[in-house]
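Heads up: the structure comes next, in structure tokens.
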Amino acid sequence: MISKKDIIEFLKEIEVEDLVKNVQLMGDTAIIDMLSHSPAMHEKKRMEVAMHAAFEDKFGKDLKLKLNISVEVPEKQEIKGKNIPGIKNIIAIASGKGGVGKSTVASNLAISLKKLGFKVGLLDADIYGPSIPVMFDVENAKPTSKDHKMVPIESYGIQLLSLGFFSGANQAVVWRGAMASKAIHQLIHDADWGELDFLLIDLPPGTGDIHLSIVQEVPVTGSVIVSTPQHVALADVKKGVAMFQMPEINVPVLGIIENMAYFVPKELPENKYYIFGKKGAQKLAESLDLPLLGEIPIIQSIREASDYGRPAALQEDELIPNIYIEIAKKMIESLVLRNKNLPPTEAVRITTMAGCSSK
Ligand SMILES: Nc1ncnc2c1ncn2[C@@H]1O[C@H](COP(=O)(O)OP(=O)(O)OP(=O)(O)O)[C@@H](O)[C@H]1O
């Protein structure tokens with residue numbers, strides 16, 4: 001006669017007792033409530049199949065097994081890398097393709113979050129061409145160290161670190177491969193970022209191994225994908241989204257930003273010319289069930305501002321700053337929603353729109 005004690009002993013033997021919440025024996029049926037730490041359906045299925053096989057092996061067909069598997073994702077699994085003390089939210093800025101304006105968007109988003117009253121850092125992890133030092137007019141800066149930690153360079157109130165500070169723009173190529181991962185690890189963990197509401201990470205373009213290692217390195221709260229309206233760029237957005245949604249990455253995508261969405265001539269600011277097609281990103285965002293965080297026009301002064309080293313979101317004229325402020329607010333809205341719908345993590349602290357009044 002099989003007893004409840006036999007079943008509990010067996011659960012210990014097969015080393016699943018820490019996943020078992022409750023065991024009941026009713027006649028010839030064992031009812032076991034278990035936890036799965038992965039939200040993926042195939043994991044649940046795999047657990048079910050393995051349990052049935054193990055029980056049949058041990059107790060034969062005399063004992064029926066009824067499993068109730070519930071999903072509980074532990075905090076630890078949401079947090080990819082070691083938590084960084086003092087940093088509340090880490091947002092990865094990615095693009096499926098190169099040259100779509102990812103670094104420009106990251107810079108202006110950083111400035112806009114700062115204008116909304118947040119403490120912001122920006123890590124330039126673009127190994128192929130770190131451009132943040134130029135965009136923030138700190139091309140020749142060299143970070144110092146304090147208590148064995150790198151001190152970020154501050155520009156326009158944003159804490160900055162970039163591979164460009166160390167490699168020199170022309171040597172960017174040396175950062176490829178394992179060395180790049182190691183360097184980025186140091187920029188993230190061996191730096192004194194201080195207290196930050198947001199650390200934005202300007203990822204390299206594309207979706208390769210280096211992205212995976214960066215994203216697994218840090219507890220990324222959410223990602224934002226930048227695209228241009230062309231079909232080829234939009235097609236690559238799907239790859240970017242898929243990368244963040246891989247089970248081992250599992251970083252929520254907060255939304256898509258369409259850059260260079262339309263052209264506005266300076267002399268006719270009311271006219272919008274959709275040179276590369278209209279509403280491509282919006283339709284894509286809808287089909288992927290993601291928010292479109294905003295559309296940024298092609299404007300000469302955005303490029304000039306980047307080249308000059310003073311992001312366009314700082315301009316007196318309100319056209320560009322307002323577009324970016326709206327995008328920053330939408331991103332925070334999406335983050336708030338993400339925090340409501342997903343299990344809380346240590347890295348996620350912003351739960352309301354408080355502090356979002358424009359300064
Ligand atoms: N909305 C815009 N209007 C005009 N020029 C823009 C706009 N966005 C970006 N640019 C310009 O386009 C060029 C590419 O932008 P950026 O370097 O930000 O792209 P990226 O996606 O980060 O590139 P990479 O793939 O090299 O990392 C830059 O010269 C930038 O100033």
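Heads up, the Cβ atoms here are built off N, Cα and C, so glycines get one too.
Copied over from TrEMBL:
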BINDING   Gly96, Lys97, Gly98, Gly99, Val100, Gly101, Lys102, Ser103  ATP binding site
Packing count at Val100 (ATP binding site) (other Cβ atoms within 10 Å of its Cβ): 24
8 Å Cβ shell about Gly96, Lys97, Gly98, Gly99, Val100, Gly101, Lys102, Ser103 centroid, ATP site members excluded: Ser95, Pro205, Val226, Ser227, Thr228, Ala233, Asn259
Suppose we screen the binding-site residues Gly96, Lys97, Gly99 by Cβ distance to ligand 1 with a cut-off under 6 Å; which survive, in sequence order? Gly99
Taking only same-chain residues 6+ apart in sequence, whose CB is under 8 Å from that of Gly101 (ATP binding site), what do you get? Val226, Thr228, Asn259, Met260, Ile296
Find, among the binding-site residues listed as Lys97, Lys102, the one whose Cβ has the highest number of other Cβ atoms within 10 Å in the structure shown. Lys102
10 Å Cβ neighbour count around Gly99 (ATP binding site)? 12
Across all protein chains in the structure, which of the binding-site residues Gly96, Gly98 has the highest Cβ count within 10 Å? Gly96
Name the residues of the same chain, 6+ apart in sequence, whose Cβ is under 8 Å from the Cβ of Ser103 (ATP binding site)? Asp124, Asp126, Ser131, Ile132, Met135, Asp202, Ser306
